[in-house]
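Per TrEMBL, the feature transmembrane segment maps to 9-28, 40-61, 68-88, 133-151, 157-174, 181-199, 269-293, 305-329, 335-356.
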Amino acid sequence: MLFSKADKWLLAGVFVLVFIGLMMLYSLGTTRTENLKYFWRQLTWVLLGAFLFFVLSLIDFRAFSTHPLLIAASYLAVFLLLVLVLFFGKTISGNRAWFAIGPFTLQPVEFAKAVLVLYLAKYFSEKNIEIWRIRHIFISFTALAGMFFLVLLQPDWGSALVLLGIWFFMLLASGARTKQIFGLILAFIVFVGFSWQFFFTEQQKLRIAGFVAPQKDPLGVSYSQNQALIAMGSGGFFGKGLGQGTQTQLGFLPAPRTDFIFSSIGEELGFLGILIVLASFGVVFWRLFVLALTGMNNFVKLFSLGYASWIFVELVIHVGMNLAISPVIGIPLPFVSYGGSHLLALFIGLGIINSIQLYSK
């Protein structure tokens, strides 16, 4: 049977993360029944994501790796959506980043992440590519730059940094030289300084200022992270129990379904729940790295590492926000946080990963 070749450990890790996410969303609806709508919406996205995963698993991954026009068409479609959302999108939390579709919203940048991984895996795996040559770094950067600057115009610095992180780690995995890597890091530092004047909104500047000096405005810009730390610290080892978290259930913790779901888990499921989440991510990374090391060709290796990089960057930023070691920039916890576009994009990537498992010889 075809699916007997699927990576059971990888799928089990993802299943645990999705299950914990649904469990937390259900918990958040126990005190206020109107919040149960988020659970049912997320369950709908999970089922749709599972369907996309199944369909993509049945398509031989070489349909992507050997047909550059298909990848180019996907890139252009996402690029067009990123342009259109600036004019016709819905503004949420200061970012014009969503298309409103009835009770649901669609965020194009989430699919841009999947397409960027696919595009870079194809480009970097070409036989004639010598990545240490500057022109190849520049060409790959142009694929990133179009998406990156359109996302900055929303303005969504969090998603822009995830795109940049995907490109950086895939460049590193492709064999870029050390001096080139240090040069890129220096260029990024200069760009951030430049962006402070021209790209950062006042709210974003306040968030960074609150992160640097949280004691100056504990009830203002630093409030979210202070509450996240209180929630995390009050859960103990076993947690307060589902539906019993005071910070989470009584509305003290902002965005408990999205930006701060990690803290919600810490409060209600305790340190044990946090360990289960991190262990599940560890299993996912382990299996993706094994696939990269044993992959039949460079495309397989780079797509696996690119997908892992995407999840890793989001995980690090999200946990950093919840532990107050990173500014709040609105990055969800992969497979766990509420959000349909994010979940569907991850399942699309997972479907291609599973296709690699099924069709590799």
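A Cβ is built for glycine as well, from the same backbone N, Cα and C atoms used for every other residue.
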Among 9-28, 40-61, 133-151, 157-174, point out the range having the most Cβ pairs under 8 angstroms from the transmembrane segment (269-293). 9-28
Take the transmembrane segment (335-356) and find every residue of the same chain, 6 or more past its ends, with a Cβ under 8 Å from one of its Cβ atoms. 6-7, 10-11, 14, 17-18, 20-21, 24-25, 38, 41-42, 44-46, 48-50, 52-61, 64, 104-108, 110-111, 113-114, 117-118, 257-259, 261-262, 265, 277, 288, 291, 295, 300, 303-304, 307, 310-311, 318
By Cβ distance under 8 Å, which residues at least 6 away from the ends of the transmembrane segment (68-88) in the same chain are close to it? 96-99, 108-109, 111-112, 115, 118-119, 122, 143, 146-147, 150-151, 153-154
Go through the chain and flag residues at least 6 beyond the ends of the transmembrane segment (40-61) whose CB is under 8 A from any CB in it; none is fine as an answer. 2-3, 6, 18, 21-22, 25, 103-104, 300, 303, 338-340, 343-344, 346-348, 350-352, 354-356, 358-359
Within the same chain, the residues 6 or more beyond the ends of the transmembrane segment (305-329) and with Cβ under 8 Å of it are 113-114, 116-118, 120-121, 157-158, 161-162, 165-166, 169-170, 173, 204, 207-208, 210-211, 214, 224-226, 228-229, 232, 259-260, 262-263, 266, 281, 284-285, 288-289, 292, 337, 346, 349-350, 352-353
